[in-house]
Amino acid sequence: MPVVMARDLEETASSSEDEDLANQEDHPCIMWTGGCRRIPVLVFHAEAILTKDNNIRVIGERYHLSYKIVRTDSRLVRSILTAHGFHEVHPSSTDYNLMWTGSHLKPFLLRTLSEAQKVNHFPRSYELTRKDRLYKNIIRMQHTHGFKAFHILPQTFLLPAEYAEFCNSYSKDRGPWIVKPVASSRGRGVYLINNPNQISLEENILVSRYINNPLLIDDFKFDVRLYVLVTSYDPLVIYLYEEGLARFATVRYDQGSKNIRNQFMHLTNYSVNKKSGDYVSCDDPEVEDYGNKWSMSAMLRYLKQEGKDTTALMAHVEDLIIKTIISAELAIATACKTFVPHRSSCFELYGFDVLIDNTLKPWLLEVNLSPSLACDAPLDLKIKASMISDMFTVVGFVCQDPAQRTSNRSIYPSFESSRRNPFQKPQRTRPLSASDAEMKNLVASAREKVPGKLGGSVLGLSMEEIKVLRRVKEENDRRGGFIRIFPTSETWEIYGSYLEHKTSMNYMLATRLFQDRGNPRRSLLTGRARVSTEGAPELKVESMNSKAKLHAALYERKLLSLEVRKRRRRSGRLRAMRPKYPVIAQPAEMNIKTETESEEEEEVGLDNDDEEQEASQEESAGSLGENQAKYTPSLTVIVENSPRDNAMKVAEWTNKGEPCCKIEAQEPESKFNLMQILQDNGNLSKVQARLAFSAYLQHVQIRLTKDSGGQTLSPSWAAKEDEQMELVVRFLKRASSNLQHSLRMVLPSRRLALLERRRILAHQLGDFIGVYNKETEQMAEKKSKKKLEEEEEDGVNAESFQEFIRQASEAELEEVLTFYTQKNKSASVFLGTHSKSSKNSSSYSDSGAKGDHPETIQEVKIKQPKQQQATEIHADKLSRFTTSSGKEAKLVYTNCSSFCSPAAVLLQRLPSSHLSSVITTSALSAGPGHHASLSQIPPAVPSLPHQPALLLSPVPDNAPPSIHSGTQNVSPAGLPRCRSGSYTIGPFSSFQSAAHIYSQKLSRPSSAKAAGSCHPHKHHSGIAKTQKEGEDVSLNRRYNQSLVTAELQRLAEKQAARQYSPASHISLLTQQVTNLNLASSVINRSSASTPPTLRPVISPSGPTWSIQPDLHASETHSSPPGSRSLQTGGFAWEGEVENNAYSKTTGVVPQHKYHPTAGSYQLHFALQQLEQQKLQSRQLLDQSRARHQAIFGSQTLPNSSLWTMNNGPGCRISSATTGGQKPNTLPQKVVAPPNSSTLVSKPASNHKQVLRKPASQRASKGSSAEGQLNGLQSSLNPAAFMPITNSTGSLEAPQVIFARSKPLPTQSGALATVIGQRKSKSVKSGTI
């Protein structure tokens, strides 16, 4: 904010300023520091380079923070600074907060720095980064403290000065040597020799003994790039970043001298190996152990799995780093004291290259002044962006406008200067200076606290020492992914004596931070320091302290990607969980506990949120997100539970800055290590395995969602994404067929844009997960009801498992699921087998046994045979019913056991005026393993657009039931086989139930466990029984579950006791339906009686289609006389009824294979025309009818269509087609529900004769079928059953039977009652 505004607001102490400060205190990019917590320091977030969040930029823009980059080009640094509101200034400008340079700094430039300005190099840092100076410093330390204490470099000689010594050493050991220029990088000028004559002495070079026993991974040599941050040389403060890079050679290692010139084998520099044709790059940031560049944590995890002691290895690495920096500490600290006006002005990031031999001893290769920050792979970006962001946070950029330079004034300003600093918190009454206030606070708190605590003895410290002590502690609070390796209580005892820069700051820092260590530990550390001074002993695991083990666990954990943190920030969970870097609320509270105890609590805690990689679409954290609310478990618990991979997550901070004594009193909380439990003969229950699989699928859905935008659409990326989406599509196709519940698959077409396909696929995967979770819950409820105690014993602790699922990453879940699958030798528990397989305990009965609501209409997928896939027709709208590959068709059914009478209860609740016509086509299968399909229907007609709303939404109380007809398929035997796909869910009997009642002697159902079958054994007879039960319920207007169950069981036992003949219940039915001439009748009657909003269209998909017309349109539409007459009575064709009943009874099988004729195609084309002309006048429809009658006049159609229509609101239309031959005799009867119409063929001109004919035929009908019905017919009053045959038993002209919905007292009087009712109402049949 402007300076004037800051002054005015401070003087007036306005409420707006207080609100602004309150907002800043809560800002995720602000941490308040200083004695009174009035100095804002910027906190960096690596994910900001992806989110472009204005909330992150606003702080930098408000304070006009700026930077300049000199003699280098780092896109990563520029991107991170720009994302946080920094703006770049000219390299010659002096108004900047950060100067990032790629070269050493001149002394005059350092002298001009203000305390708020920072540069990324120390003066004389070449003492470390030049190979000759590093060698000289190490040699000096070896001479001073012993060769073994600083034996961190291979044997080295500086040529040409030490050429004679080199030749002398070579004569003793003629192994290979490596030559390096003293001031080069990236492997330039490096080569191997095996003879001194091969060396050129024209320039200064370094010759080192080649380490010919390197540690190999898969026979490849590698080294490790470590990132070391030094924030001060006086006192010396060293941080090591928890993540690094393992760089591999591209040629397998061979010690033979013939390969000595092969740089791709012996050099591991990325700049060298990237030129190799064998270089492999990994494009997935989540995969860290693939290709020629691994993460250091992945390398450590691999070594740990191989049985290597990674704790000792990393302890050796820390030892090497500390000794290396100490060797140059004197020269650099002296230069800083001479040239740098402020202790906090400089910082430096070093790149340590370390080679590990096969004894796990690390060797220092070189130290890089400006380690490469190029991001050539996603893994580079993840590691380096996190590291740079954490480094900037540790360094601490004060939010101060660089134009308001205070020169050499203290950052803790006087009263006058504070009025000009906008970042300073206002205070109404202030002492002489902020520093004095800090001192008084410290002294006052020291007097109040118990002696022996840290804050109790600040007396005697100078102002400068107090500020240094506070700054070091605040840096440690902001360290993020950096680990302070010096000073710590252990490293100070070991390496303190090596420091050569004898100032009071190092000693003060150590004594104030670690003064109250316990006597036993102090004696142990003193002994270690003494032995180390005498001979630099080998570091062993037995002597490792707790902090070393914790550090090893930190190095092994996996760093979270930027995308993960981006999703968390987007969901707002980062601020909701905790402030990023909690600060002690009052300065006095830092006196409660010693720095040593505080550090232990901060570093020992477990970071639970590090493992939250995508438990839902937003559940992941970034590397900065590692610093969540902390816990303080004991060391033994942490070490015992540290996983092989990266489950160990260590916290960095105390919880919300609360006093450490409160945290100390908390109970230790151990980390739940699921993989360890599984490896120790533990196991998951089936429900737990499904929960883990569901969480894994949610991670996959997150990846699909997050990548749907913001990507560079390169061909390689598009090909990769297409391949991954294809895997998900194949999974959904296979897995959805195993679901017991319905699932509508709308898989995206490959013609769509890539990002649109990802969006649709992510949505479909989400739907699948929802249904999958429902089934898992039902499984859990079912097991809990049955009290399966063995399942509980097999599973792990439920609460711990839920916590693991919530926090686990995708990689961890994948590892657990893979191990579980291998252990149980099956993955069927995740998806099960075919839930609708042909078993008696199929999902038809299972789904209804769960107590689901009977009003829920669901969708079932039927897997089609492979021979039919080629002919399956796929339109865009057709995908609502079938998957994009055509392997699955769908069928709507009520969610009850075996389609039983709960559906009738639904219809009882519906008003009679809203009941749609209910009629179904019998399509029972005549052979095992054959499914319904209408794939032979031509693809000319589009499917109806209103389908999804019907299929997905539950049926309301005032909505009529849907009739869903099945499909047919040609069997290998050449017979038209049909599976029942049409079920009447109403209280009135349907065509199928009537056929069953009048035949009674049906053939054995033939769906016996055929490959790909999705129907139970007793599916067909069970359907008829269900219809029967439904009628009973409708008659009594009540639903009795026990009565229905008993009746179903009784009928099933009677049916099973009969002798069945194979394939006799379908043959003549299919023959008769195919011989009906529907060309004129369907067109005529649909045009005459059907309102435009209800006229049907045949879908090329062939399963079932239903539409829900506009209620207003259907209610207000004026119906023609024929339509009104249809509302008063039901129609059915006599000949078809007789044919179908006879075919069920006799079981005559047709002898020729069904082949659709041209007439059937023309019929469907006519129906398509009707759909397209539904809003036109009746005159146009009559013309269309006449045209098609002329076409089909001389042809016999092999298909017939049964149309169910109703003019009432909310009615639904269903259709089915079947094919077959014309039978000889046609004993059959049908009953149509009220307010329904069956339009099959053109009726005869004399309707009264049609009505009288069934009465005379009834006497000649065989009594065997009726005798079996006498016990049940009395309960079926709502419908009239009228068998119709002619004298010859063959089909004559199509006839119509009218069945009333009013209950009839007896079956014998049904016909007379119907005729009497129609006469009394004077209903004219007319042309329909």
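One is the number of the first residue shown, and numbering goes on along the chain from there.
Glycine residues also receive a Cβ, built from the backbone N, Cα and C atoms like all the rest.
Worth saying up front: this structure is predicted, and the values here are computed from it rather than measured.
Going by what Swiss-Prot states, the L-glutamate site holds TYR270, SER271, LYS293, LYS384, and the candidate of ARG247, ARG252, ARG261, ARG343 recorded there is ARG247. The stretch that Swiss-Prot tags with region 'Disordered', taken from the ranges 1-22, 45-66, 1277-1298, is 1-22. The 10 Å shell around the Cβ of ASP353 (Mg(2+) 1 binding site) contains 19 further Cβ atoms across the protein chains shown. Long-range Cβ contacts of GLU366 (Mg(2+) 1 binding site) within its own chain (separation 6+, distance under 8 Å): THR129, LYS131, LEU134, LYS180, SER185, ASP353. Note on ARG186 (protein binding site): other Cβ atoms within 10 Å of its Cβ, all shown chains, come to 12.
DSSP gives ARG186 (protein binding site) a coil state; it is part of no helix or strand. According to DSSP, GLU366 (Mg(2+) 1 binding site) sits within a strand segment.
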